[in-house]
Amino acid sequence: MAPSDTPPSAEDLPSQGELALFAPPATAEDALVPASMVNAWIYCPRLAVLEWGRGEKARSVDLIAGLRAHQATESGPTPALPDPMVLREDQSLKTRKLSLSSERLGLTAELDLLDVEEGVVIPVEIKVGKRPSVDEGAYLPERAQVCAQALLLREAGYTCLEGALWFAESRERVTVDLTEALVTATLVATSDLRLTVASGRLPPPLDHSAKCPRCSLLPICLPDEIAWFRKGSIARTPPPPASPALPLYGQTPGARIGKKDRGGSVCLDRMAAWLSSRPVPCYAAIGMLNTASGASHPSVARHADGGASARSFRLPTAFRRPVRRSLPCYAAR
């Protein structure tokens, strides 16, 4: 029987397993992967390649907040970290700003803070925000970044058994255990990033991910635009749920807003005569007030109290959020 000229389809080919290949040790000409880029690769491969491989940079609110959190730790001079051959087993100290590199690991890092407890060195990475509510105490990208720092310390000859993350907003410290699984994930991420950058390939953007809106490289990455060209459409964002609350606007010059009684009244009163006589008009929006429950129509019923200096807006129910008494209305042009 003559062989067919038609190439076999993908279904006819035998399945082949994937073999994980690590990148070779870095040389003097190769760029070393920063520990922060290990974090970025696990978080979003496209972000890591754009930043480290292609040099794309953009400032964001989160980035500026992170820089300020790091600067807050620089409150004064600290002793230098002794050489591992000189560091005593009973020695304890705190130090900052240590640079480490390893061609064998293909890694480099700028360590924020180092705790030395009885000769054991603990790298501490400072993060903005609160500690996440996860079993490990932190997400994998942050733990891998600390693990990369710990591996560099071990490579330099220091004893490092664990790492730590400091969350500035919640002021909590989380211990990072250097498990075999975490070390493997860190080395695989380092190798994959080096191989991807060396190949010149740019990973595809994340598919409709919640990570994208706050990313500093969103205008460069263009995930929605690329998804549209690939699929012809993008996933529609679900509309927000309808709220029964209505805004309340106060437009009386020199007025203030406050609760009149427990029944949910809002009183709009004039302040002192000298303030109300100012020429600047006052237009202020006073939050969202729940007026749906117990009301035949979601509107605010107005009741005049007979006085020329005050007006009351009677709500059928109490506030969804309590309004602070004597909340001032600020002038706006």
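Glycine residues also receive a Cβ, built from the backbone N, Cα and C atoms like all the rest.
DSSP gives C212 ([4Fe-4S] cluster binding site) a coil state; it is part of no helix or strand. Under 8 Å, Cβ to Cβ, and six or more positions away along its own chain, C212 ([4Fe-4S] cluster binding site) finds P205, L206, L218, C221, P223, D224. Summarising the annotation, Swiss-Prot assigns [4Fe-4S] cluster binding site to C44, C212, C215, C221 and lists similarity to another entry as the type of evidence.
A strand conformation is recorded for E125 (Mn(2+) binding site) in the three-state DSSP classification. The annotation Mn(2+) binding site is assigned in Swiss-Prot to H70, D112, E125, I126.
With a 10 A radius on its CB, I126 (Mn(2+) binding site) counts 17 other CB atoms from all the protein chains. Highlighted in sequence order, R46, L47, P205, L206, S209, K211, L217, L218, P223 have their Cβ within 8 Å of the centre of the Cβ atoms of C44, C212, C215, C221, the residues recorded for [4Fe-4S] cluster, and are not part of that set. Around D112 (Mn(2+) binding site), a 10 Å sphere centred on its CB holds 19 further CB atoms from the protein chains shown. When the alpha carbons of D112 (Mn(2+) binding site) and C215 ([4Fe-4S] cluster binding site) are compared, the span between them is 23 angstrom. C221 ([4Fe-4S] cluster binding site) counts 21 other C-beta atoms within 10 Å of its own C-beta, drawing on all protein chains shown. In the shown protein chains, 22 other C-beta atoms lie within 10 A of the C-beta of C44 ([4Fe-4S] cluster binding site).
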